[in-house]
Amino acid sequence: MSDDMSMGSPSSAGEQGVLRSMQEVAMSSQEASKMLRTYNIAWWGNNYYDVNELGHISVCPDPDVPEARVDLAKLVKAREAQGQRLPALFCFPQILQHRLRSINAAFKRARESYGYNGDYFLVYPIKVNQHRRVIESLIHSGEPLGLEAGSKAELMAVLAHAGMTRSVIVCNGYKDREYIRLALIGEKMGHKVYLVIEKMSEIAIVLEEAERLNVVPRLGVRARLASQGSGKWQSSGGEKSKFGLAATQVLQLVETLRDAGRLDSLQLLHFHLGSQMANIRDIATGVRESARFYVELHKLGVNIQCFDVGGGLGVDYEGTRSQSDCSVNYGLNEYANNIIWAIGDACEEHGLPHPTVITESGRAVTAHHTVLVSNIIGVERNEYTDPTAPAEDAPRALQNLWETWQEMHKPGTRRSLREWLHDSQMDLHDIHIGYSSGAFSLQERAWAEQLYLSMCHEVQKQLDPQNRAHRPIIDELQERMADKMYVNFSLFQSMPDAWGIDQLFPVLPLEGLDQVPERRAVLLDITCDSDGAIDHYIDGDGIATTMPMPEYDPENPPMLGFFMVGAYQEILGNMHNLFGDTEAVDVFVFPDGSVEVELSDEGDTVADMLQYVQLDPKTLLTHFRDQVKQTDLDDALQQQFLEEFEAGLYGYTYLEDE
């Protein structure tokens, strides 16, 4: 069950694409090749994102049609010239369709390789991203596709689109009587709707409503496994998971249905190991355990026809091909092989039919298709000047700093870089304490801090990244000396998982990528919250607390792209500081080089956000008008202030250029 997309010989289209990507950039310059390795684009980009000969990010929504690609930096600038506001989501629906085709193809290969007789369906759980562009792009792809709902609202959306798929509907989550009736209505209309029993209290309502509607229910059972994945999302699986029935409850459900004469309604077995499974071994272990449930249920006379392995198919946000929380150590082929072979082996061993396999692979379908693009509105850089000696009567701590600086430049000195750094840190600490007590002036503090920065810069130049003993010092200095970039976006609205669970997303400039990334930066959002900062960045095969950056003009910094934000982020985003949804555009790229762009979301206005918190914009305008009229300002100025207030109410919630 080896995966030809993993880290062996480059025999697969995926890995050949990675090598081709590296070679193309290497032809332009060695610097670009180094940059490509620094940001790991060749791996997390998955052939959808690359760097062109100009050092710009390019997008190829369908790697099977490599000539259909667009320069993202040029596209954003062209859109800005036409009035596009930033931040904005640039969405590529064609990537969604390619992801769906790729997953279906992987399972087709796995089934053919094993000789597996059952079907396969990818069922898209719309909770991952319920936006219309996502659902409609997938159902119009021409590929087999089912839909999954986890709430009444989601089920209504699924039922409304079900006529376009004529496939499978899976109903998960907590269910009240109305939810259950909706699902049964869908079954009555001719759809194949599986009501998955996750709590024993649900089955009585299902049987009651099925009788009232005169419909035979199509049921599933979610089994709670002992197997569990690891990482940030592990609590959604295992024995302590929020959903599912324990072994004794599964037996109780079987007997309840047998007594009601509805045992034949139980047709689907469902389990869920967790989201973003990093280690293929955890997936294989869980599928083998769940296959035992399939065997045992058949022994009890339950004719299970569908085997729903739930979610778990991860994506490599880091590009490290590892077991870390935001990466995966497997590819699509290996994932499909492990599932098909584990289920197939259990069936062959016990002489059972091969069931239809279902996966609920939402993240793997949607993550790549969306890029958040924003502008940098301010930069704070540490600049280095030639230090000057302190006054002869300067306090001892200032003299110590200066003496350390001089010693650093003497040839043949035997003190270590670490010792210089520690001495300067202690002296600076004494100066900060002394400043608080009045022993040092503001000018003396500023002089000491500037000299300390110069010393850090000098130490940094002499450190070797290949020396493991130097790595902690390098990390410390990079964090201390990194540029602060203030970016026009809300982390809480656009990348809530980066804040809430410390998830890593690829972030890099859209241009200037033909240069060596010699600077370091940290990214801060525009909310009034110290948590509004990105803490971790891709740095080669590792993760760093600062972002590598090519040299740039601080007066005209590059636009930034936040990649792989297509799963969950739009839906989970919150309204901290009343920053709302960003604008969103759908981008379609064609083989002849043409590009079509459609505005799919105008973004929230200030008025929209105020209404969310029950503040009526018209009432606010009236109150403001009353205040203005009570001033002694002249009529023209009053009118100007009123117009500005009203324009602000119906303007973008993010910062806008004049």
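Cβ coordinates are placed from backbone N, Cα and C, and glycine is handled just like the others.
Annotation comment: Swiss-Prot describes PHE307, ASP308, VAL309, GLY310, GLY311, GLY312, LEU313, GLY314, VAL315, ASP316, TYR317 as substrate binding site, evidence class sequence analysis. Marked as N6-(pyridoxal phosphate)lysine by Swiss-Prot on the basis of sequence analysis: LYS127.
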Checklist line | Euclidean distance between Cα atoms of PHE307 (substrate binding site) and LYS127 (N6-(pyridoxal phosphate)lysine), Å | finding: 21
Next item on the list: Based on DSSP, name the secondary structure state of PHE307 (substrate binding site): helix, strand or coil.
Entry: strand
Next item on the list: Could you work out which of the binding-site residues (VAL309, LEU313, VAL315) has its C-beta surrounded by the smallest number of other C-beta atoms within 10 A?
Entry: VAL315
Check: So what sits near PHE307 (substrate binding site) in its own chain, CB-to-CB under 8 Å and at least six residues off in sequence?
Finding: GLY118, LEU268, LEU269, SER290, ALA291, TYR294, ILE343, PRO355, THR356, VAL357, ILE358
Check: With every protein chain in view, how many other Cβ atoms are within 10 Å of the Cβ of the residue listed as 'N6-(pyridoxal phosphate)lysine'?
Finding: 19
